[in-house]
Amino acid sequence: MPRRPSGGGGGAGPAAAAVRKVPLRKLLRAASVACGVQFGWALQLSLLTPYVQELGIPHAFASLVWLCGPLSGLLVQPLVGHLSDRIAPAASPLGRRRPFIAAGAASIAAAVLTVGFSADLGRIFGDSITPGSTRLGAIIVYLVGFWLLDVGNNATQGPCRAFLADLTENDPRRTRIANAYFSLFMALGNILGYATGAYSGWYKIFPFTVTPSCSISCANLKSAFLLDIIILVVTTCITVASVQEPQSLGSDEADHPSTEQEAFLWELFGSFRYFTLPVWMVLIVTALTWIGWFPFILFDTDWMGREIYRGSPDDPSITQSYHDGVRMGSFGLMLNSVLLGFTSIVLEKLCRKWGAGLVWGVSNILMALCFVAMLVITYVAKNMDYPPSGVPPTGIVIASLVVFTILGAPLAITYSIPYAMAASRVENLGLGQGLAMGILNLAIVIPQVIVSLGSGPWDQLFGGGNAPAFAVAAAASFIGGLVAILGLPRARIASRRRGHR
């Protein structure tokens, strides 16, 4: 529960804390694991919704598979953050956060191997390799791997953001810079991951991935995940070896005995009653933002394959068109990540000039306009005459790629500002940064559960496409933008003196 800050004397006072300020280059290295994690996340976002439909799960139920992510994140990230808060820095050679970062990365590596080889393992369990058949064994293996992958993602990113908050000592400016570094590495991981997903020749480099139960598209997925493991191992090692964690946590955390056994969920949900209005506004805007983002995350490449390229993973006669659309969608997401990276670089200047709340609100309104544009493109494409080859008109493809690209700017803001605002606003409440990130995570995963449960029925109710989910996304994004502009501070956030804790 929150604790009143104490003055604490001695040599480890404010002056000493200022001397021990972590250089920005070390913060940059500490954030590098985001590249490895996001490389796999990009593959997951661009390729796994189409892949699970190839295994036999209908489009209407594909979103339910993604329940694994928010349900695991609902407890895993707050629990990991809580546990890492409770570890004394000197109790582990790697400190408080880095053991969880390393363990989460190991879980991701095991998960992508499981997902990548799910078709082969399903064949061992008796699946048929007849085209169009439902592969129950592969689906079960896939779901286990998918669940483990989301557990690993949550177990890695939460402690990493808390690690950065520890290193910046909750200085608002340095915290925003650290989170911008994190977003920059996420952008780099996205660019590499989506470029990997857009390339169709990985099976030629890893020929052993093609098997009787794993076609060329499956082998490309498998090969991409093997590359993911290599990048993940390298970036995790860089982060873990980047900098020693602070040994002095301040009196508010040092006074907390490691033997105290408060019930985790009680502390998590009990902390809500201490939240001030600005904290609640951050959580509300975060929730609305993710109601906007999650339909796009679920169906971006599927939308390109179905609505733009008029393909389907279920119909062998148009499966190739679907895969062409998925690869074009991956290319669009790569362009999205380029703009995401550029926005991450200039984000600190934007926040200093206009204020974090206004920047966040404007980005949400831009999101809403992009989702409306996707609805317009869907309607136009549906009513156009395509050439006999079935290739969509160039103008439609370019318009789709432009929308995908523009969405990179608000995505960079979503990956940075909410975490920086939460980290700076919970300090006065006396909450550990790990628990703070876990609480913010609740505002992310609960909307994802709502969208995962609702998007399938919405789509079926209105004809089986992706348009209804995007309409909900546009409305939620617009409302979130208005709330951010009206309810979050618009003044520039000045850098605080380090003279108190």
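The backbone N, Cα and C atoms fix where each Cβ goes, and this holds for glycine too.
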Query raised in the report: Is it the case that Swiss-Prot assigns R174 and Y203 to the same side of the membrane?
Result: no
Query raised in the report: Are the transmembrane segment (32-52) and the transmembrane segment (99-119) close enough that 3 or more Cβ pairs fall under 8 Å, when only pairs 6 or more apart in sequence count?
Result: yes
Requested in this report: Please work out whether the transmembrane segment (223-243) lies in contact with the transmembrane segment (177-197), by counting C-beta pairs under 8 angstroms that are 6 or more apart in sequence and asking whether there are at least 3.
Outcome: yes
**Report entry** Cβ pairs under 8 Å between the transmembrane segment (328-348) and the transmembrane segment (468-488), at least three
**Finding:** no
Report summary line: The mean pLDDT across the topological domain 'Cytoplasmic' (349-356) is 88
Query raised in the report: Considering pairs 6 or more residues apart, do the transmembrane segment (357-377) and the transmembrane segment (136-156) have at least three CB pairs under 8 Å?
Result: no
Query raised in the report: Quick one: DSSP breakdown of the topological domain 'Cytoplasmic' (349-356) into helix, strand and coil?
Result: 7 helix, 0 strand, 1 coil
Report task. Six or more residues out from either end of the transmembrane segment (395-415), which same-chain residues have a Cβ under 8 Å from its Cβ atoms? Result -> 179, 182-183, 186-187, 289-290, 293, 296, 300, 304, 308, 328-329, 331-333, 335-341, 343-344, 347, 359-360, 363-364, 366-367, 370, 373-374, 377, 380-381, 384
